[in-house]
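Right, one structure below, let's go through it.
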Amino acid sequence: MSSVIFERLTKNGREFEEQTREHVNEYANAGLRTLLFAYRELDEEEYNKFNEEFTEAKNSVSADRDEMMEEVAEKIENDLILLGATAVEDKLQNGVPECIDKLAQAGIKIWVLTGDKLETAINIGFACCLLRQGMEQIVISSETPIIKALEKVGDNSAVAVAFKANVLQQIREAKEALTTLSKSSEALALIIDGKSLTCALEDDVKGLFLELALGCASVICCRCSPKQKALVTRLVKIKTGRTTLAIGDGANDVGMLQEADIGIGISGVEGMQAVMSSDIAIAQFRYLQRLLLVHGHWCYRRISRMICYFFYKNIAFGFTLFFFEAYASFSGQAPYNDWYLSLYNVFFTSLPVIALGVLEQDVSADLCLKVNPE
């Protein structure tokens, strides 16, 4: 993340900071994904000490192994010297806008959790139809003049207090705007950056943040860390009680996939970590449309009818025995032959329900995709 790199630069390593910031913003506005490069020279003693501590943390078998590795890395990932920035074009896969639009029509709430810059995330939002022209955008950002001034002074305690107060104020103002604009039936989009999201996920703020987010048609969280993605997913799952589905294609999405009720991994150029941590794997994002609207619809009906069938067959079997015993004066006479009792669950009532659970299609796949779900 470029913002993180800028914060870790030494005073003598900021020679090209202003030009690089301008270039990064230009790249982001063009929808490109940016990457900053910085370095720091280590003498042999520093490296040996770091290598020893990092190896010890890496070989640890404790539950906080990842945190231990991050702590060791934090010790040397500072006082960096800026080299420059690069930008690459990351095109959307075919069919992504159409897929998202169809899922939105089906009443599915879609949130984007990304590590991209704010400007890049907004451009991606327009490209995939999450954001539309004329849609009111509520932007909660940490890049305010007051925060920037305090950061230049270097008073970290004052920055932390002012930062949280600023985020809380922005959320409250956004809620007031949401109440006003909702009366005019205008669609709203919430966009929040990673630093602000850290404050929004604190115990005394997350309830207010969730109310705001649920009132918006689209939500985009940019500059998110893997941990923040998982925390947002957990917040929505626990506080709303709704079924959550997460989809991702990289190692940064693993925590989010594991936290959601349903995790879908996309196999691709970013490795197989997401696929290995998911419940379902697909090759491209556009397949999500058929997976949810067609197979999801069929499986929901199949499972619900299959459960009812199991109740029915067991009730029929049990009540038949009960009524027969009443008719036979409770003599203990068996109404069924032994072979029938053995085959009742294994053969007679299993094959029909298997056929129902595998082959039942109340409507065709084309109809599931063509008819407006609303």
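Cβ atoms here come from the backbone N, Cα and C positions, even for glycine.
Just so you know, TrEMBL annotations are computer predictions that nobody has curated.
The model shown is predicted, which means the values in this text are computed figures rather than measured ones.
Listed features, source TrEMBL:
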BINDING   ARG33, THR114, GLY115, ASP116, ARG223, LYS229, ASN252, ASP253  ATP binding site
BINDING   ASP249, ASP253  Mg(2+) binding site
DOMAIN    275-371  domain 'P-type ATPase C-terminal'
TRANSMEM  310-327  transmembrane segment
TRANSMEM  339-359  transmembrane segment
_DSSP-derived class (H/G/I helix, E/B strand, else coil) of ARG33 (ATP binding site)_ = strand
*Give me the Cα-Cα distance between LYS229 (ATP binding site) and ASP249 (Mg(2+) binding site), rounded to a whole Å.*
13
*Distance from ASP249 (Mg(2+) binding site) back to ASP116 (ATP binding site), taken between C-alpha atoms, in Å*: 15
_Rounded Cα-Cα span from ASP249 (Mg(2+) binding site) to GLY115 (ATP binding site), Å_ = 13
*Most crowded position, judged by CB atoms within 10 A, among ASP116, ASP249, ASP253 as binding-site residues*: ASP253
